[in-house]
Amino acid sequence: MRAERPLVVAAPQNYLAVIKVVGIGGGGVNAVNRMIEEGLKGVEFIAINTDAQALLMSDADVKLDVGRELTRGLGAGANPEVGRKAAEDHREEIEEVLKGADMVFVTAGEGGGTGTGGAPVVADIARSLGALTIGVVTRPFGFEGKRRATQAESGIAMLRDEVDTLIVIPNDRLLSISDRQVSVLDAFKAADQVLLSGVQGITDLITTPGLINLDFADVKSVMSGAGSALMGIGSARGDDRAVAAAEMAISSPLLEASIDGAHGVLLSIQGGSDLGLFEINEAAQLVANSAAPEANIIFGAVIDDALGDEVRVTVIAAGFDEPRNESLTPPNEAQAKPEAPRRTEPAATEPRRQEPAAAELTRPEPVREREPEPPREEPPRTAASVRPEPEPEPEPEPEPEPEPEPEPVQQSPEPEPVDVADEEDEEEQSARTRNIRPVSDTGYNEVRRTGTEGPFSRPNDVPTPRRRVVFDDPDDLDVPDFLK
């Protein structure tokens with residue numbers, strides 16, 4: 001008979017994502033206490049501080065007093081360098097309490113000493129352990145002073161380099177949604193409530209069974225390496241409550257900029273058991289239209305009967321192409337600067353402007369358009385060579401048929417050429433430049449270039465420029481004796 005083999009049952013394993021919330025510094029520990037009071041489930045709370053007295057008042061699962069030798073449990077004195085050194089001195093202890101976490105939230109109030117200086121150290125340790133690290137911090141109120149604001153900006157910049165996603169909540173924005181009679185205590189409680197909403201909006205999607213469930217991998221696909229993120233919260237009752245809550249979330253005063261262009265969006269909708277599917281669809285569609293067209297939208301709905309007829313919508317947008325502070329300026333500030341290639345456009349278009357002029361140069365140029373030659377120095381001219389031209393007397397209106405003058409002397413068939421001196425050639429060229437007709441052999445001006453009749457012109461003569469008239473016998477003309 002064969003012996004029966006014992007039945008081996010594997011030990012049950014915890015397949016749930018391990019989420020740890022670390023509050024560091026006075027503001028971070030207060031936020032953790034607020035989350036515990038509100039009953040946030042499915043997470044482990046860790047409080048880290050240099051102030052031993054503040055740790056005693058915390059209900060966190062794990063309390064870690066850092067800087068015992070450095071500060072002796074009296075706090076960092078609002079000095080971020082002391083907070084950083086205290087966290088570095090207890091690095092191994094911090095690493096021990098963070099082991100095994102799949103997701104780590106690092107929450108702090110920026111501007112102080114322990115939170116501002118120690119949060120980047122805690123985030124660096126969490127990421128080195130392979131956990132998805134998300135920072136949720138507050139920017140101080142304006143009345144807390146300029147020095148605290150300056151330290152906060154420096155701490156935020158350092159923390160941004162150490163986390164996968166960073167959510168910054170400006171406390172001054174809470175004043176716009178608070179009553180003027182709100183007390184300082186209530187104002188800081190409101191800041192803690194916002195930190196709670198940021199953490200709860202993510203953890204509930206993973207840990208709480210809902211109408212539409214998500215897993216840790218879905219959240220990680222959006223939050224891993226996303227950089228800066230924006231968070232908006234909205235709630236509404238009555239008709240169209242889901243859409244109204246979604247509109248309030250995407251236009252929340254907590255948003256320092258618009259979610260336009262976000263490539264990753266976490267959307268959490270919470271409501272009672274009467275929450276309708278069409279309500280959820282309308283709210284989700286509104287948020288999707290506000291993000292980038294190809295955005296990865298992780299959506300979940302959680303049923304909580306404690307809300308009654310109220311619907312809460314939490315939107316966390318991440319994965320922006322550009323820093324969000326640029327979105328506060330006008331996009332055409334982007335008014336675009338002139339591109340470098342455009343500087344060469346005038347040179348590129350220059351040949352086109354010269355084409356018509358080049359075409360005109362190919363046409364035959366009339367004689368009258370030829371540019372005159374530069375004037376030369378004329379040799380001294382005597383009265384014998386040039387006779388002053390008589391002043392023209394006002395001529396009467398030309399008659400239709402003027403009386404013919406005596407017929408001109410016919411030229412000989414073969415007139416002998418008259419020798420012209422070199423001086424006359426030079427005179428002819430210089431006279432041409434000044435638009436003066438040269439003097440002929442007879443001492444009288446020839447026919448004008450314009451063709452109009454002058455006092456010595458003859459009818460029927462063709463007004464040819466530079467025409468020379470030669471006569472057989474100079475005695476036929478009335479020529480002065482000194483020219484014969």
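Every residue gets a Cβ built from N, Cα and C, even glycine.
Curation does not apply to TrEMBL; its annotations are automatic.
According to TrEMBL, the GTP binding site annotation covers Gly26, Gly27, Gly28, Val29, Asn30, Gly113, Thr114, Gly115, Glu144, Arg148, Asp192. Taken from TrEMBL, the feature compositional bias 'Basic and acidic residues' applies to 339-355, 362-380. Taken from TrEMBL, the feature compositional bias 'Acidic residues' covers 391-406, 416-428, 472-484. The feature domain 'Tubulin/FtsZ GTPase' is assigned by TrEMBL to 18-210. Taken from TrEMBL, the feature domain 'Tubulin/FtsZ 2-layer sandwich' covers 212-329. Annotation source TrEMBL lists region 'Disordered' at 322-484.
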Sparsest-packed of the listed binding-site residues (Gly26, Gly28) - C-beta count within 10 angstroms: Gly26
Protein Cβ atoms within 10 Å of Asn30 (GTP binding site), excluding its own: 22
C-beta crowding around Glu144 (GTP binding site), within 10 angstroms: 16
Thr114 (GTP binding site) in three-state DSSP notation: helix
Binding-site residues (Thr114, Asp192), the one with most neighbouring Cβ atoms at 10 Å: Thr114
Arithmetic mean of per-residue pLDDT over the domain 'Tubulin/FtsZ 2-layer sandwich' (212-329): 83
GTP binding residues Gly26, Gly27, Gly28, Val29, Asn30, Gly113, Thr114, Gly115, Glu144, Arg148, Asp192: largest Cα-Cα distance, in Å and rounded to whole number: 19
Three-state composition of the domain 'Tubulin/FtsZ 2-layer sandwich' (212-329), taking helix and strand from DSSP: 40 helix, 35 strand, 43 coil
